[in-house]
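Structure record follows, encoded as structure tokens.
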Amino acid sequence: MSNAITMGILWHLIGAASAACFYAPFKQVKKWSWETMWSVGGVVSWIILPWLISALLLPDFWAYYSSFSLSTLLPVFLFGAMWGIGNINYGLTMRYLGMSMGIGIAIGITLIVGTLMTPIINGNFDVLINTEGGRMTLLGVLVALIGVGIVTRAGQLKERKMGIKAEEFNLKKGLVLAVMCGIFSAGMSFAMNAAKPMHEAAAALGVDPLYVALPSYVVIMGGGAIINLGFCFIRLAKVKDLSLKADFSLAKPLIIQNVLLSALGGLMWYLQFFFYAWGHARIPAQYDYISWMLHMSFYVLCGGIVGLVLKEWKDAGRRPISVLSLGCVVIIIAANIVGMGMAS
């Protein structure tokens, strides 16, 4: 396995670790509605940071974006909005299926759809089937999916042992939402594929290869921001128990604390895709679809490890932890299989 591929896998792991940890600061926010907290964090992660980083990277910010036609920008924006819809459905999936089943189904579907649909859309899926390296990477995707399934099973055993139940368990509604979440969340993978002309233009301007994907986040995350912020603002305006004014009428020290914690959560959320861009840049072009598989499987892996570190599994018993450990090992094996496939 080449050093470039190894570094690509490592950057994806770091990005996934940030994704697995980003909600920790949000959990410390007090006396704010979820909608206010999510909006503040979202403004930081989806608007401020993408624009700021792009302004630092590009020699002429406005000239760069105005150089693209609407036919180039619109798919990137719409796929970003598609991801935003998946993001909203994610929370509802947890509500009706519980954390473990919801995450397992949603992540499993988005891993498959986001990974395999890209080469199908690009018309080169047959190359993957007919080459040794392609077949090995596909095997890695399958093994990763098995690993996600094992971790999901561990979560179910943990919830059963600890008596944790879904907020409003509804299998039919939850499955529909999980499938929708999985499909729509893959919009981020599709957006990255559609944004290739933007990456190439950034490279032509002298932007370092590690950073060429970052300017496209202004458009991708702009689409996601409109969906997420629109959802939050509509709820803040229509739901009687929610009030943006009330949330910002608390004592000033608490408001400052909540803003800083939400901003930190937003920063950590953004960092997952900052390092995703770094990892993506190191993956061979013919296997760039693998970036999504690495990100999602490492997200599950890091989520399990973070849960152990935070002692969320302390009262789960030995069996769930053993199953979780097995799932994590399988995901690590999958990453190695994919790495060897890309190197062959």
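Placement of Cβ uses the backbone N, Cα and C atoms for every residue, glycine included.
On a predicted model such as this, the values are computed, not experimentally measured, just so you know.
Residues or ranges marked as transmembrane segment in Swiss-Prot: 4-24 (among others). Packing against the transmembrane segment (4-24) from elsewhere in the chain are residues 265, 268-269, 271-276, 278-284, 291, 294-296, 298-299, 301-303, 305-306, 335, 338-339, 342-343: each is 6 or more residues past its ends and has a CB under 8 Å from a CB in it.
Only residues 6 or more beyond the boundaries of the transmembrane segment (38-58), in the same chain, are considered here, and those with a CB under 8 A from a CB of the stretch are 26, 64, 202, 205, 207, 211, 214-215, 217-218, 221-222, 224-225, 228-229, 232-233, 236, 258-259, 262-263, 265-267, 269-270, 274. Swiss-Prot lists 38-58 (among others) with the feature transmembrane segment, giving sequence analysis as the kind of evidence.
The transmembrane segment annotation in Swiss-Prot covers 68-88 (among others).
For the transmembrane segment (101-121), the list of distant contacts is 86, 89-90, 93-94, 127-128, 141, 144-145, 148-149, 151-153, 155-156, 166, 174-175, 178-179, 181-183, 185-186, 188-190, 193, 288-290, 292-293, 296-297, 299-300, 303: same-chain residues at least six beyond its ends, Cβ to Cβ under 8 Å. The annotation transmembrane segment is assigned in Swiss-Prot to 101-121 (among others) on the grounds of sequence analysis.
Residues 99-101, 103-105, 107-108, 111-112, 115-116, 128-129, 287, 290, 293, 296-297, 300-301, 303-304, 316-317, 319-321, 323-324, 326-331, 333-339, 341-342 of the same chain, all 6+ positions outside the transmembrane segment (137-157), place their C-beta atoms under 8 angstroms from a C-beta of that stretch. Taken from Swiss-Prot, the feature transmembrane segment covers 137-157 (among others).
Annotation source Swiss-Prot lists transmembrane segment at 175-195 (among others), citing sequence analysis.
Within its own chain, the transmembrane segment (214-234) has Cβ neighbours under 8 Å at 35-36, 38-39, 42-43, 45-47, 50-51, 53-54, 57-58, 64-65, 73, 76-85, 87-88, 188, 191-192, 195, 198-199, 202, 207, 273-274, 277, counting only residues six or more beyond its boundaries. According to Swiss-Prot, the transmembrane segment annotation covers 214-234 (among others).
According to Swiss-Prot, the transmembrane segment annotation covers 259-279 (among others). Outside the transmembrane segment (259-279), and at least 6 residues removed from its termini, the chain residues within Cβ reach (under 8 Å) are 7-12, 14-16, 18-19, 21-26, 28-29, 32, 37-38, 40-46, 49-50, 53, 188, 210-214, 217, 221, 291, 294-295.
Long-range contacts of the transmembrane segment (290-310) within the same chain, counting only residues at least 6 positions beyond its ends with a Cβ under 8 Å from a Cβ of the stretch, are 8-9, 12-13, 15-17, 19-21, 103, 107, 110-111, 114-115, 118, 137, 140-141, 144, 147-148, 151, 154, 186, 188-189, 192, 272, 276, 279-280, 283, 321, 324, 327-328, 331-332, 334-335, 338, 342. According to Swiss-Prot, the feature transmembrane segment maps to 290-310 (among others), an assignment based on sequence analysis.
If you look up Swiss-Prot, you'll see 323-343 (among others) marked as transmembrane segment, on the strength of sequence analysis.
Residues 75-76, 79-87, 89-90, 92-93, 96-97, 101-102, 105-110, 112-115, 117-118, 121-122, 213, 216, 219-220, 223-224, 273, 280, 288-289, 291-292 of the same chain lie 6 or more positions beyond the ends of the transmembrane segment (175-195) yet place their CB under 8 Å from a CB of it.
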